[in-house]
Amino acid sequence: MASTKEISQYLKRFSQLDAKRFAVVKVGGAVLRDDVDALTSSLSFLQEVGLTPIVLHGAGPQLDEELTAAGIQKKTVNGFRVTLPETMAIVRKVFHTSNLQLIEALQRNGARATSITGGVFEAHYLDQETYGLVGEISAVNLAPIEASLRAASIPVIASLGETPSGQILNINADVAANELVHVLQPYKIIFLTGTGGLLDADGKIINSINLSTEYEQLIQQPWVYGGMKLKIEQIKHLLDRLPLESSVSITRPADLAKELFTHKGSGTLVRRGERVIRATTWKDLDLPRLQHLIQSSFRRTLIPHYFETTPLLRAYVSENYRAAVILTKLGNVPYLDKFAVLDDAQGEGLGRAVWSIMREETPQLFWRSRHNNQANAFYYAESDGYYKQDHWKIFWNGLHHFQQIQQCVAHCAQHPPTLID
């Protein structure tokens, strides 16, 4: 699935968190119905490696089926399912049944899991006249969840609420997940879907979204509308209320481990991210922090007087100095002198966000990379072409004339290294 180093890096990061701050996993009813084997396999794997996710589920498709069988027509208003007193018995039965089915499937997989179908969400009527027995959450009680976590058992929570007087209310599962996340402040929020992520205009999964640099442009795209636009807006609102390190992952149940434990992931990773600083002179940057970023990323030392002797064309640096691109000029084409990303920012999409901003302003570009550089797979995908030398791979973008490419290759061969072991 990934290198042992990658998996160990993420496992160490997750294991250092308080148990209830690891992850909230939102599971839709369609996943429970269609993909429960992959779901339970992935959740069981997390427990095997010492991590306990908090699972919250809906049961929309199952409820639709039961209501149809009972001759009751589904009615929604403003996205909320109208829940009349005569349908509440069916709602309760469906949620309890779905919850127990997931518990039993987890137990068959050797996992420990706890059924929680009440006692978490205190609620009041959203608007009884309009929606019937639909609740708006007024408080979240963590005691049942914490008891489950202390027993190293996966809490499996149904999105049902109760009024202070004990009336059961139907709670929208997305709303319940948002409120639970707001109280828990988890490191990861995971939405499991059949699509495996947010899709772009070509129907391909968007790997990562850095909201600080991409949200305004993304939300204006013609292919972002309806449910997808609403989902992105909801995720932004969710992350705005969470610590900077929190993130949302949207993936398939079968790909959950890959999304969590590899830099590349498998799905869409959404983070608030960091603003990107653009500089054209070294004096506009915090050079000690930039030096630390470069040396930590490459695990090598910059040559003495690097900043004094290197003519800067442009630098793109994340505001917390966790990722940077440095451009200089060798000849007439911008030269990518450094692309550095700290270990703890790997897999966040932060490096890609900085890279994308640089590329928007830099149609022509060339750079070199050592043969054993782990970023080479990324460079192959991002470049228009490459050439192998004894010690370097030379990559380029936007160069179409052989003579120009030849000059860039020659520059790379002659340019002395600026990092030493």
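Backbone N, Cα and C define each Cβ position, glycine as well.
Marked as region 'Acetylglutamate kinase' by Swiss-Prot: 1-252.
The DSSP secondary structure for LYS26 (site 'Transition state stabilizer') is strand. According to Swiss-Prot, the site 'Transition state stabilizer' annotation covers LYS26 (among others).
Per Swiss-Prot, the feature substrate binding site maps to ALA59, GLY60, ARG81, ASN170. In sequence order, GLY29, LEU32, VAL94, PHE95, SER98, ALA158 constitute the residues six or more apart from ALA59 (substrate binding site) in its chain with CB-CB distances below 8 Å.
Contacts of LYS231 (site 'Transition state stabilizer') defined by a Cβ separation under 8 A and a same-chain sequence distance of 6+ are given as LEU198, in order along the sequence. Per Swiss-Prot, the feature site 'Transition state stabilizer' maps to LYS231 (among others); the stated evidence is similarity to another entry.
Look at Swiss-Prot and you will find 274-420 tagged as domain 'N-acetyltransferase', backed by sequence analysis.
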>> Please report the Cα separation of ASN170 (substrate binding site) and LYS26 (site 'Transition state stabilizer') in Å, rounded to an integer.
In response: 16
>> For the domain 'N-acetyltransferase' (274-420), what's the mean pLDDT in this predicted model?
In response: 92
> If you run through the domain 'N-acetyltransferase' (274-420) with DSSP, how many residues end up as helix, strand and coil?
Replying inline: 54 helix, 48 strand, 45 coil
> Any idea what DSSP makes of ARG81 (substrate binding site), helix, strand or coil?
Replying inline: strand
>> I'm trying to understand the geometry here, so how far is the Cα atom of ARG81 (substrate binding site) from the Cα atom of LYS26 (site 'Transition state stabilizer'), in Å to the nearest whole number?
In response: 19
> In the same chain, which residues outside the set ALA59, GLY60, ARG81, ASN170 have their CB within 8 A of the centroid of the CB atoms that define the substrate site?
Replying inline: GLY29, GLY58, LEU63, THR83, VAL91, VAL94, PHE95, SER159, ASN172, ALA173
